[in-house]
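TrEMBL annotations:
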type	residues	note
DOMAIN	7-183	domain 'Fructose-1-6-bisphosphatase class I N-terminal'
BINDING	E84, D103, L105	Mg(2+) 1 binding site
BINDING	D103, D106, E269	Mg(2+) 2 binding site
BINDING	D106, G107, S108, S109, N197, K263	substrate binding site
DOMAIN	188-318	domain 'Fructose-1-6-bisphosphatase class 1 C-terminal'
Amino acid sequence: MHTLSSQLRSDGVAPELELLIGELAAASKTISAKVRQGALAGVLGSAGHENVQGETQKKLDVIANDVLKQTLGRLAQVRALASEEEDHPVPCHVEGAYLVAFDPLDGSSNIDINGQIGTIFTVYPARDDVPALSPEQFAQSGRAQVCAGYVLYGPSTQLVLTTGGPVRLYTLAQDGGFVLTQEALRIEPECSEFAVNLANFRHWSAPVQAYIQKLQAGVDGPRGRDFNMRWNGAMVGDVHRVLMRGGIFLYPANTQSKVHNGKLRLLYEAHPMALLVENAGGRASDGQGDILDRVADQLHQRVPVVLGAACEVQLVVETLAQG
Ligand SMILES: O=P(O)(O)OC[C@H]1O[C@](O)(COP(=O)(O)O)[C@@H](O)[C@@H]1O
Ligand SMILES: [Mg+2]
Ligand SMILES: [Mg+2]
């Protein structure tokens, strides 16, 4: 039975990165403990202010952000942090070899209903070609990620992680350690389940509407088979389902001005999930090209997301290209 650290070592992960991942895991355990206590730990409800993206912060958004910032900020290996809940990058140690970006609490609207929530994170190498603590540090292709993952605070707390190779799944044991419970998650190329917020239907482009209508037509439509639909309201839960049993997840561009580039953030939501999905044999696209090829030229930049079963994602890309 492999623990997180023994598995990372057998995967040949550099000791400095292993240490960093260990601290990410430690922070997530602290968050997990608070989530489990819910109202008893005073973590439900609104924090009463907005983040830089104009979203009302929940108490747990702020708590999770503080836990990650304090835990990672101490590490000499970390040059800077970027977070959904921070307007600007947080400088840490000028000599640090790594940058860490995270969505401290994904699925905030699920907090108060005891639904699936999680922490999404990614690690990039620090850059020596731009000033050590400048925001340009984070302007990197998704292919530069040295590690990506999430912790899902569901009925059990699970860590899903790739350090470039297979996508490993660890479960938080009662003794407080993460134990490897699945060696390599794989996404089948075909699927019969989709995840999209259908309430946005009228705001999508005509090709996206047409694609979804074909899925909804099921066995009577051009696809000739039924598709099931699920929507968590938390990307972390939706992507987890895709990694566990297949499917396709979409958060398309939208004609509403606030989310015309999609809702999800490239740096700390789309990039890490794209690396996990691709390393599990799936595909992750912005509707045209690979999400991993995109460079975040703004810290909180949004991007349309289509990810999951490789053949289904390809079909969406072709449908959009036809216009
Ligand atoms: O409100 P909608 O359209 O269901 O959007 C849900 C999406 O928004 C998000 O909640 C955004 O994440 P945050 O909770 O971190 O802001 C995604 O997790 C999810 O896929
Ligand atoms: Mg999020
Ligand atoms: Mg969030």
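Positions of Cβ are set from backbone N, Cα and C atoms, glycine also.
Everything TrEMBL records as a feature, shown here on the structure.
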| residue | record | Cβ contacts under 8 Å, 6 or more apart |
| --- | --- | --- |
| E84 | Mg(2+) 1 binding site | N51, Q53, D61, N65, F102, D103, P104, R265, Y268, E269, H300 |
| L105 | Mg(2+) 1 binding site | I31, K58, L60, D61, A64, N65, I111, I117, G118, T119 |
| D106 | Mg(2+) 2 binding site | I117, G118, T119, I120, Y150, A234, M235, V236, E269 |
| G107 | substrate binding site | G115, Q116, I117, G118, N232, G233, A234, M235, V236, G237 |
| S108 | substrate binding site | E55, Q57, K58, L60, D61, I117 |
| S109 | substrate binding site | G233, A234 |
| N197 | substrate binding site | W231, G233, Y251 |
| K263 | substrate binding site | Y251, N254, R302 |
Cα-Cα distance maximum in Å, computed over every pair in D106, G107, S108, S109, N197, K263 that the record assigns to substrate: 16
Annotated binding-site residues L105, S108, N197, filtered by Cβ under 6 Å to ligand 2: none
Binding-site residues near ligand 3 among L105, D106, G107, E269 (Cβ under 6 Å): L105, D106
Sorted by sequence, non-D106, G107, S108, S109, N197, K263 residues with Cβ within 8 Å of centre, substrate: N110, G233, A234, M235
